[in-house]
There are 2 protein chains.
Amino acid sequence: MKNRIHNFNAGPAALPLPVLEEIQAELLDFKGSGMSIMEVSHRSKWFDDVINETVERINRLMGLGDDFQVLFMQGGASTQFALVPMNLLPEGQSADYVNTGTWSTKAIKEAQAMGKTVNVAASSEDRNFCYIPKDIPLDPNAAYVHITSNNTIKGTAYTDFPDAGNVPLIADMSSDILSRPIDASKFGLIYAGAQKNMGPAGVCVAIIRKDMLERVPASLPSMFKYTTFADKNSMYNTPPCFAIYTVGLVVKWIEETIGGLEKMEARNRKKADTLYSIFDSSDFYSGTADKDSRSLMNVTFRLPSEDLEKAFVAQALENGLGGLKGHRSVGGCRASIYNPTSQEGIEALVDFMKEFEKKNG
Amino acid sequence: MKNRIHNFNAGPAALPLPVLEEIQAELLDFKGSGMSIMEVSHRSKWFDDVINETVERINRLMGLGDDFQVLFMQGGASTQFALVPMNLLPEGQSADYVNTGTWSTKAIKEAQAMGKTVNVAASSEDRNFCYIPKDIPLDPNAAYVHITSNNTIKGTAYTDFPDAGNVPLIADMSSDILSRPIDASKFGLIYAGAQKNMGPAGVCVAIIRKDMLERVPASLPSMFKYTTFADKNSMYNTPPCFAIYTVGLVVKWIEETIGGLEKMEARNRKKADTLYSIFDSSDFYSGTADKDSRSLMNVTFRLPSEDLEKAFVAQALENGLGGLKGHRSVGGCRASIYNPTSQEGIEALVDFMKEFEKKNG
Ligand SMILES: Cc1ncc(COP(=O)(O)O)c(C=O)c1O
Ligand SMILES: Cc1ncc(COP(=O)(O)O)c(C=O)c1O
Ligand SMILES: [Mg+2]
Ligand SMILES: [Mg+2]
Ligand SMILES: [Mg+2]
Ligand SMILES: [Mg+2]
């Protein structure tokens, strides 16, 4: 595909080319139905197979077993910021939140705004969120501990998750879900907007441990209850069918083409190592995250001046390397290198970076 | 496209073939971006153009002028059942609801479940919702009057909307939005899951009169406030980009290929008349809706026995006519003939119906 660029967007982000090609090939006639996947009923055998296979693959890839349910919801991770405390933080209890960046901060604010008791157990705001706090003092009576596993904007990620004992972890994994194997048993809920590592915008995956469902207050509106989605296989109402179908193709690609999450992690680690090694060998580029907190997914860095950063982003795009501008709230540069990004894309970026340094360093 | 069927699904439903073909053609490279529309950032010029053009077209088609904002939300019409009273029904006031079927009933239940004061101003439940109530006694002090403009399951629709004086109408138009011109000025809010008349599942269009935004309580979670969407051009968080893009292509088709809502209505009326005329001339098929309440979008009918209905639906599908089963809650048959359905599709259905009656009548 000569017209395709290397896409380092933070989300919506690159999708695997074979996934796009499969969507394209069957767009007018899904599996002999004579209809597009967008035109089949969500109550049909066709869509039932799509959603069930997608659930099963996520379950297999993550090793979830029988204790979890995989739900497809709408409203993005931002809606989860409200749904989590509404559903899972009972009156009279408090929840621990770890603040590691923009998205954790928003999750905390939404919970507080609805009058919930939030304890910010640790924060890395003192150094502009460039690291992941260690040895976090957690409340053994907390309803849950909320973390952001990968900080899309700040370029940091947990290497090891906090040990919360019997308190369930709740993780916003929007920007690193399915990038590596994790021990799901520590988690009461994992949620992720699909638009980075697992599909297009328009569906949010929520993986909930079944015992957490007992906390859901009956009084909530139907569409705001995890139980509504759990009871109806995410089809109480019309689900975002096309987005779920695309997630299904992405997880099929991870399982069948990549070979599962261990292989996915190895590939992602090699990509990240290749890119980070440039910061360590050059004075021109400097990573913004502490070394021990570096994200495998969002590589954030600075150049010697803002003018050079501007030129870097613009010239990169001319060279077929898109989406390298840092988030507008922090500036600088960022290469988002989610699951679909190939080693070849990384090599192309590194070559360009070396060339740019030679000319401007 | 020889493999395509005539699709009479109730939603998700048929899309215009030229829309699907355009999606297919540019799926790997959207407008020379080198990315799929699913891969471009929602903060990019590419997506900005998509969402702005879509808003402008809806505005032009419906003649909304400056008084309204067109919002793209998630969670389907079912989420609106909760958001409407949360946002627009202040403490101490009550709202009038007209109950004309399954979806109105759900809207009422959601409002009541959150402790809001709901007055069911009229209902057609006495005759299994086969008609639209007339001369509805409305409360001049109500916060709003909620109606379901077209009843997807029962096959009924308003010919004229209730006269609520200065009280704003709020309409669930999920199954007839953009099917005909309406006088928007009577409405405080119009909402519609896109998956019937205007696009795929995964986006809900909410058209809100700007003065209604003043009612929104500041205390609601960000993602549950109409103001959040209004203030940020529906991009406070990542929107369902692909679904919005597809809605954009459907409204372009309505405007440029069909020629606007008057032409759309003429086409829809001809389709419905062709189909309903069979019930009036045959004893084999009987429409379930009162004549003066017939929907132009969902044509519900019965055959002399359930066995014949089963055979009808199965044989129709063998003949390339899909989705004719009535909703599981009511049985019988239903042909959903939304905007994309062609007169040719209707003729094919009518031919088959005549043939089937000849064999089985
Ligand atoms: C870690 C994280 N959480 C939450 C969000 C917000 O997600 P959404 O736009 O799906 O609401 C993002 C989006 O970039 C993110 O990176
Ligand atoms: C009139 C009407 N309202 C609401 C709904 C529910 O919509 P959603 O599935 O988008 O929540 C439907 C769905 O069929 C409908 O026809
Ligand atoms: Mg962040
Ligand atoms: Mg350096
Ligand atoms: Mg109905
Ligand atoms: Mg008859």
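Glycine is no exception: its Cβ is also placed from the backbone N, Cα and C atoms.
These come from Swiss-Prot:
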- A:R43: L-glutamate binding site (BINDING)
- A:A77, A:S78, A:W103, A:T152, A:D172, A:Q195, A:N237, A:T238: pyridoxal 5'-phosphate binding site (BINDING)
- A:K196: N6-(pyridoxal phosphate)lysine (MOD_RES)
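All features noted in Swiss-Prot, drawn onto the structure.
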residue	record	Cβ within 10 Å
A:R43	L-glutamate binding site	16
A:A77	pyridoxal 5'-phosphate binding site	28
A:S78	pyridoxal 5'-phosphate binding site	23
A:W103	pyridoxal 5'-phosphate binding site	21
A:T152	pyridoxal 5'-phosphate binding site	25
A:D172	pyridoxal 5'-phosphate binding site	28
A:Q195	pyridoxal 5'-phosphate binding site	33
A:K196	N6-(pyridoxal phosphate)lysine	31
A:N237	pyridoxal 5'-phosphate binding site	21
A:T238	pyridoxal 5'-phosphate binding site	24
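Classification of A:D172 (pyridoxal 5'-phosphate binding site) by DSSP places it within a strand. The distance from the Cα of A:S78 (pyridoxal 5'-phosphate binding site) to the Cα of A:K196 (N6-(pyridoxal phosphate)lysine) comes to 14 Å. Between A:Q195 (pyridoxal 5'-phosphate binding site) and A:R43 (L-glutamate binding site), the C-alpha separation comes to 25 Å.
Using a Cβ-Cβ cut-off of under 8 Å to chain B, the recorded positions A:S78, A:D172, A:Q195, A:K196, A:N237, A:T238 reduce to A:S78, A:Q195, A:N237, A:T238. Taking A:T152, A:Q195, A:N237, A:T238 as the candidate binding-site residues, the subset whose CB lies under 6 angstroms from any atom of ligand 3 consists of A:T152. Overall, the recorded pyridoxal 5'-phosphate-binding residues A:A77, A:S78, A:W103, A:T152, A:D172, A:Q195, A:N237, A:T238 cover a maximum inter-Cα distance of 31 Å. Each residue contributes its Cα atom, and for A:N237 (pyridoxal 5'-phosphate binding site) and A:K196 (N6-(pyridoxal phosphate)lysine) those atoms are 25 Å apart. With respect to ligand 1, the binding-site residues A:A77, A:S78, A:W103, A:T152, A:D172, A:T238 contribute A:A77, A:S78, A:W103, A:T152, A:D172 as residues with a C-beta closer than 6 angstroms to one of its atoms, given in sequence order. For ligand 2, the neighbouring recorded positions among A:A77, A:T152, A:K196, A:N237, A:T238 are A:N237, A:T238, by Cβ distance under 6 Å.
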